[in-house]
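First the structure, in the form of structure tokens, and then the observations on it.
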Amino acid sequence: MPPKQDFSLREIQPNIDGGKTLIPNMLTLVEPLYFVYVRLVRASHLPVNQATGTCGPYVEVKTGNYKATTKYIQGTLAPIWNQVFAFNKDRLQAKTIEILVRDKASVTNEIIGRIEADVGDIPTRLQGDSSVAPQWYGLEDKNGVSGRSGSLMLAIWVGNQVDDAFSVAWHLDAASVSVDKVSNARPQVYYSPRLWYLKIKVNGAQDLVVSDPNRKPEVYVKATLGNKVLKTKVSKNKSLNPSWNEELMFVVAEPFEDALILSVEDDRGDNRVDYLGRCVKPVHKITQRLLPPLPIEEIINLERYGAVEEPMEKFSSKLRATVYLDGVYHVFDEPALFSTDLTAPSPKLKPGKVGDLELGILKAEGLVPMKSKNGLKTTDAYCVAKYGPKWTRTSTVVSSLEPKWMKQYQWDVLDPCTVIAIGVFDNNNLQAGEGWAADRLIGKVIRIRLSTLEFGRIYKYAYPLVALMPGGVQKMGELHFTLRFIYTKSSGDKLYQYTQPMLPKSTYTNPMSVYQIDGLRNQAVRHIAMRLARAEPPLRREVVESMLSGRGPVWSIRRGKANFRRVMECLKCFKTALIWLDDLRQWKNSTTTIVMFAAFSVFVYYSEIVIPSFFAFLFFKALRNYFKRPRDILCWDTNLSQVESVNGLDWQEELDTFPSSAPFEDLRLRYDRLRAIGYRIEETVGDLATQLERFHAIFSWRDRRATLIFTLFCLVAWIVFYLVPFRLLFFLFGTYLMRSPRFRVTLPPIPQNVFRRLPSRDDCLL
């Protein structure tokens, strides 16, 4: 039997200062990595090859077994390269660096001249210094005489990963990467485009012109945006002035490049359609809704389809609609439970900054080989992190199962009840001529909820990377990172933040359905993937979808068991209370039974202290649990996820495609229907478990601000219920409950806002 894998979170002790030193340092959460940078700018006065009568110069930089070359430039004696190479100082295999200028035009690529630099004499560039100025150096010929073979302008220095040349340098660790693919190995920062909902409220049409006046038209409106088409229902008012009162919605991304086409069509049956008119509206010219009031209705003139109007004929068909870009809703591009951003696109509704999030991506250890190169199994790993609209991507460490990145990133936090997502991927696009290949996710995406973090504390952990395989769950390695969340607001603002709605107010006053949000989320993911794929280097579609997408709509008996267990664990306290009451009734401990009966008699006689005593009990319970509060971040819980009690058939069912890949069509139809029904049942149980776990989270101090709010509420309630007569409070509560609708608001109440911000154990599920 293979040894049991360890999926636990492990604390590490990296050599970092956390910003405690007085020396300006941007590497507060990661260890410095030192590189020898060589910037090759240009050459001059190179000699002409006597055999060919021309010159094709290029530069070769090498030390030990590391070697890299610049591009060669044909037919010039003063070439300009302006390229940077970087050598990891810890992995240097020689004490000198050779810089050779060679001639590509010669048969043997003969050496024109050379420069040799001693690593120990290379100056170190300190943080905050300006760029190192390049200098002219005379090239030594084969006889060791300097200056006869021309001059080379270069700069050479020692710097770390914060150096501005780091992101553009060709790292010699990745010397095997193709020249035209080297950008795919470089670190980059990306930003998601701002997303808007494009809403078309179709009210009606006027003065339509149909081909057959004696027939009642079956008219509908079709909206086309890019390759997405939406239609209204056929108007119930079968006349030349039909009405619909329907709303169509698209997701669009800035900058707006497409045009919206609204067309009015008459369905004549038998796949015959009469086109009654259309209009084209460029998206960038459509009205933007930046505040809650709705734009006014437009009367849109329709144009004929390709017909040339007669001189005396006027085409006067019109469409009554409200078309606008809605900026008062948050456009979901992630599952609601794992959102890294909750803001609306309208700049007038953007909340203020509440803190800073700092992430240090150190390294990975024990990665599983993802592919084979030259007969050796290896991995070309890079790490992607996303929070809000900002994406970060580390450099790719080539052919290493223990890559070191040591990169630090920072984000502005607008709401603490959000999640940061981190994923490790294998780069399959480093060699020329191999065509396009998908970058594979190494383990599941790590998600950490900011509200569960202590302010200012540096979390230093080795987080297990796990993946679900047909044979069960497998550990793919560990990701070492540091994390710190700094709240910049005052203590009062921290507590006030929890009383506010998480989403923009329009989400509650005019909510959209869950199915509508899911459909639009798929459009949003496609827009982001398409835009980030245009960057250089591109952040590939499969990477974006892995970071943004949650589970697909498939049935998993394992997750069903896990969600049922979550419910039972939350209800365990009620089971314990029933057992305790039964023990009292059975007089298993006479002293306890007598004491509790005496307390019961007191409460019956002094009924006014029942409720204050209840809140006092909750207050002291939450206060006692403060000293047992969890100190670690949430991690995968294999016991909760039921991964050890699942057989091979269950794994095959869970990892099966949707629709099913079963060979028989009838079996596929029945099986997929069963899986879809099972998915809805499973999600319902999961939602119930989430609400129950949030109730338990009130006392756990996992989210310290929320528990503090509840604890203070219990204290105030304790005092109020003790001082104010119960009958008066009960009357006031009943009056408040039965108040007139005119005194009510559609926004959720403060207790509901606080409760929705509480964390659950969804983050621990595999």
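Cβ atoms are placed via backbone N, Cα and C, with glycine included.
Annotated domain 'C2' per TrEMBL: 17-137, 181-296, 338-463, in sequence order. If you look up TrEMBL, you'll see 594-620, 708-733 marked as transmembrane segment.
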Long-range Cβ neighbours of the transmembrane segment (594-620) (under 8 Å; 6 or more residues past either end): 584, 699, 711, 714-715, 717-719, 721-722, 725-726
Secondary structure content, the domain 'C2' (181-296) (per DSSP, counts of residues): 8 helix, 62 strand, 46 coil
Helix, strand and coil totals (DSSP H, G, I; E, B; other) for the domain 'C2' (17-137): 6 helix, 50 strand, 65 coil
Per-residue pLDDT averaged over the domain 'C2' (181-296), given as an integer: 91
